[in-house]
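Asker: As annotated in TrEMBL:
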type: TRANSMEM; residues: 200-219; note: transmembrane segment
type: TRANSMEM; residues: 270-289; note: transmembrane segment
type: TRANSMEM; residues: 335-354; note: transmembrane segment
type: TRANSMEM; residues: 361-388; note: transmembrane segment
type: TRANSMEM; residues: 394-416; note: transmembrane segment
type: TRANSMEM; residues: 437-461; note: transmembrane segment
type: TRANSMEM; residues: 467-492; note: transmembrane segment
Amino acid sequence: MVLKVFFPLCCSSADSGILIGRWISEQNSAVILAVVHFPFIPVQVKQYLGEVQRVTKVSVSVLGSWSNSKQKKEESLSEFLEDLGTIFCHEPWIQISKEGDSKFWSCSTLQKHSKNPQEEEIILVYYDQRKVMLSHLHPPLDTAGQGAEDASKLSAIFDTVARSQVLFMTDRYDEGPIKLTHWQSDGVEASIIVELLKQASVPACMLLAFLLSLLSGICRSRVLKFWPLSFLWSKLSTCEQLGHRLQHLQVISSNKKAQNQNQLMRKANIFVSLLVDVALGILLMSWLYRKNRIGHLADTLIPVADHVAEELQDLLQWLMGAPAGLKMNRALDQVLGRFFLYHIHLWISYIHLLSPFIEMILWYVGLSACLGLTVALCILSDIIALLTFHIYCFYVYGARLYCLKIYGLSSLWRLFRGKKWNVLRQRVDSCSYDLDQLFIGTLLFTILLFLLPTTALYYLVFTLLRLLVVIVQGLIHLLVDLIDSLPLYSLILRLCRSYRLAAGVKFRVLEQQDGKPLRLLMQINPLSYGGVVQTYRLPTYSCYPRDSWASLCKKLFLGELIYPWKHKGDKQN
């Protein structure tokens, strides 16, 4: 039978003493947790292990002896360590010894109370106690007792180390009768600054939670549910982003403790994402208000808007002629061209009317960057939507006219085939038409068919312009979603302490020699960076593009409208 001994690397240089740990009989394995040094009193060791077992619910006991013979005068110590097996009475009694600076270790077992002692093959597995403790490959602590019963899983080893946290609170500097060596022997890992921040975070979180509850109550008030405010709140991406960040602040300031590792990582990722977002926003704000960049931006905005309007006028003049040598319906072409030119003149007047206030508006808008870079980007997206509102109007007019003709032609085509659309049953049924209906249908079909190329050309041009604006807004929202959803804390943890995000373990052979125990090194396999992003990615409120390519092409062909925003029903939780 194979005996597996899991030995911590931090104890390899410890002084001679006894090994304490847990014996897992189902796996025939011994998990060494610490080394108790000489001198000690056996009764005090038993009392201490009884207290640890009562607190941790782990059957911790003395499993054997450890001998680190650095000098020749300590060779007689092995006999004394062997006699300790009669005091603590554990079967089998494990003896591990290290001879000076040699890399070879000897590991043997004693079975004094067994009538038929059998020679066992021993596998000595080294593990990093700190990484195993913090890797979270063990079951949750509230269900650890149930998970440890399944002896066929390696999680029982991780569960034993994780639940023995109280044992690791005693270091070599404690004035007690027992001196231990474990992963925190040189001092318990702690930080005064972290502890002070923990104490100060409680009232700060309570105050922040109160303010956020007051703000969320105002946002849910009936005043914001009336038509103008509710419409703006649902359509402006800035309002959506502010509501999304408000939910993040409520999660962070919640007094409810995280129940598992995923909830803890989610809170940490949200907190780091908020810090990075605000830091980038402050950098952007400092850049904007330095060297009067706001004034330069306001001075260039009006000429750019005039240049865009002039280009649109040239485009409409080109469409009113013979675009690409196409024969257009002159009457409809002139009506549509003049209609759109009138809207451009209205838009130029509107821009010049706002020109004295643009610098002041941009100055106040720049202050919103202190709320985060994502808020500033959403404001930029809304500004682009407002500045290109005339293009959106052109697109809507062209799409509605094109859609009307497409549906008219499809209905008249069914008339030629003796069919009609049954509105009640939502299907196409047979129908008989008289001669007058067929004659009028033929005239209407001919008129719509010959007017369709002119309408389709205007619709195509304005749809391309609309798609250009939607693509720009989509890129901005993709950057916002990247900042909102990227698990920065998890990625930093994967880069600095990869064992905290463990995906499994692997074993590396250190020594394999006849007459010596097989020595293995257990290493933690970290998650890949793609796995970290996929596992801990934060949800976002928007997603571009909101339609698949097939659905988008269908909408373009039928003349349906393409919206740059998401509707309330599309919001992700």
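Glycine too: its Cβ is placed from the backbone N, Cα and C atoms.
Small disclaimer: the values here were computed from a predicted structure and weren't measured.
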Asker: Considering only Cβ pairs within less than 8 angstroms, which of the stretches 335-354, 361-388, 394-416, 437-461, 467-492 has the most against the transmembrane segment (270-289)?
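Answerer: Stretch with the highest Cβ contact count: 361-388.
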Asker: Restricting to CB pairs under 8 Å, which listed stretch, 335-354, 361-388, 437-461, 467-492, is in contact most with the transmembrane segment (394-416)?
Answerer: 437-461
Asker: Are there residues at least six beyond either end of the transmembrane segment (335-354) with Cβ under 8 Å to its Cβ atoms? List them, or say none.
Answerer: 302, 305-306, 309, 312-313, 316-317, 319-320, 361, 389-390, 393-394, 397, 454-455, 458
